[in-house]
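Student: I have a structure I would like to understand better, so I am pasting it below and will then ask my questions one at a time.
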Amino acid sequence: MLWTILFNRFCYNNKNYYFYYFIVINLFLFMYIHSNTEINLPGGRFEIEIYYINLESTTSSGFYCDWQLHRCDVYIIVKLYELADNNSRQLIRVRTETIADTAEFRIKVSEKINEKLPEKYRLDLYVYDEDALGEHDIITIATGLYQPEKTNVFQTIPLNYSHISDSFSLNSSIRLTCNSNYYGNKCDIFCSPHPWAYDCDKNGRKICLHGRHGVNCDIIDYCQIHPCPKNTRCKNLPREHRRKCICKNYEGPECHSVYYSCEKSPCKNGGRCTLLRELIEDNDAEGFIYTNQGTNDDDDETICICPDNWSGPFCTQPVIDCISENEKYRLSTMRLTNRFCLNGGVCIIHPGNSSPRCSCPPEWDGYFCELNKSWSAGRMFGIAFSIIFVIFLILVIGFFVWLCYMSSI
């Protein structure tokens with residue numbers, strides 16, 4: 001019956017139902033996206049645990065709470081203040097539920113603060129006996145200082161309070177848990193793990209992943225990601241987003257062979273033959289890394305220094321194909337990049353094969369190294385479920401509009 005009323009009202013009283021369809025579907029999409037978006041702010045959650053014992057059930061004046069045979073009906077007002085030099089700002093005020101006819105209980109309150117937190121706090125506890133008639137009786141007022149030493153653990157707060165009964169005690173502890181991706185005793189250190197650059201330790205420091213270094217782990221060590229063969233040297237070429245192998249007695253598609261004589265001018269296409277030790281003495285070999293130490297007979301080793309558009313042991317392998325592909329990729333995607341291979345991939349040319357290909361880091365795959373292997377099955381399931389949910393929502397609303405349209409014909 002209700003469905004029929006809503007259907008008729010929507011279909012027959014609104015001529016512009018296509019406009020309403022557009023509004024409704026956008027509203028649903030906005031609500032869905034907003035509900036799955038986490039607001040990442042500094043701050044954290046305070047959990048305040050209170051342990052109350054009053055075996056004689058007396059108030060601060062020494063009288064019984066109700067009758068001698070009845071226990072107190074207890075509730076507590078919890079206040080947490082920022083403790084500054086000349087200022088005391090209230091951060092939290094919570095009233096607990098009333099626990100009737102009790103002499104002992106343990107209770108916990110929890111509140112979240114989304115802002116940069118101070119170093120020191122003052123905790124005030126107002127313990128009352130609730131009466132049905134008249135004013136509520138004060139059992140005690142307690143205060144204590146709190147300075148977080150660690151997060152995610154309960155820290156005991158020494159309380160100062162006055163009560164004439166020896167059978168009364170009040171204890172409290174606080175645990176501070178920082179918001180997601182925030183660390184430190186003030187929850188003000190931000191560190192969000194990067195899937196292929198760094199993780200975060202328990203103090204919010206960035207821990208660089210394999211092949212990364214630098215303050216923000218933004219410097220890539222291509223020699224570490226793609227080690228050169230045994231008994232070779234590796235040189236990082238960060239501007240070209242790759243590395244170069246200098247090999248001895250071996251020639252490979254990515255290898256610049258080391259040989260022992262420049263007499264026959266082995267370097268082609270404008271390459272310059274030179275002794276390796278002269279490069280080292282002139283600091284031109286900066287960036288070379290031994291991947292595996294071999295014999296110590298490097299004094300007469302020579303290498304070819306190739307122009308920018310040539311590579312290989314004798315400067316015979318063109319690298320212009322990779323440069324051309326970089327330009328094609330930039331124009332086809334309209335991205336502000338000159339990298340044919342993404343995410344640290346190295347563009348290489350194999351002998352006998354003119355088309356370039358990407359040699360990807362271990363965590364990446366695909367023709368352009370664009371596929372992240374680290375995506376878990378759960379994340380893929382979540383994305384697939386979200387897409388299916390949105391499609392289902394559109395179909396349901398579309399079917400509803402189609403019914404309206406058919407009814408109006």
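Note that Cβ sites are derived from N, Cα and C of the backbone, with glycine treated the same way.
Please treat TrEMBL annotations as automatic predictions, because they have not gone through curation.
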Student: Between Cys228, Cys262, work out which one TrEMBL annotates as bonded to Cys245 by a disulfide.
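Tutor: Checking TrEMBL, the candidate bonded to Cys245 through a disulfide is Cys228.
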Student: The disulfide recorded in TrEMBL for Cys358 goes to which of Cys322, Cys341?
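Tutor: Disulfide mapping in TrEMBL sends Cys358 to Cys341.
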Student: Under 8 Å between C-beta atoms and at least six apart in sequence, can you list the same-chain neighbours of Cys217 (disulfide bond), or say none if there are none?
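Tutor: Non-local contacts for Cys217 (disulfide bond): His194, Ala197, Tyr198, Lys206, Cys208, Leu209.
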Student: What's the CA-CA gap between Cys360 (disulfide bond) and Cys245 (disulfide bond) in angstrom, rounded?
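Tutor: Given the Cα positions, Cys360 (disulfide bond) is 16 Å from Cys245 (disulfide bond).
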Student: Could you tell me the C-alpha distance between Cys187 (disulfide bond) and Cys369 (disulfide bond) in angstrom, no decimals?
Tutor: 36
Student: For Cys369 (disulfide bond), find which of the disulfide-bonded residues Cys178, Cys228, Cys245 come within 10 Å, Cα to Cα.
Tutor: none
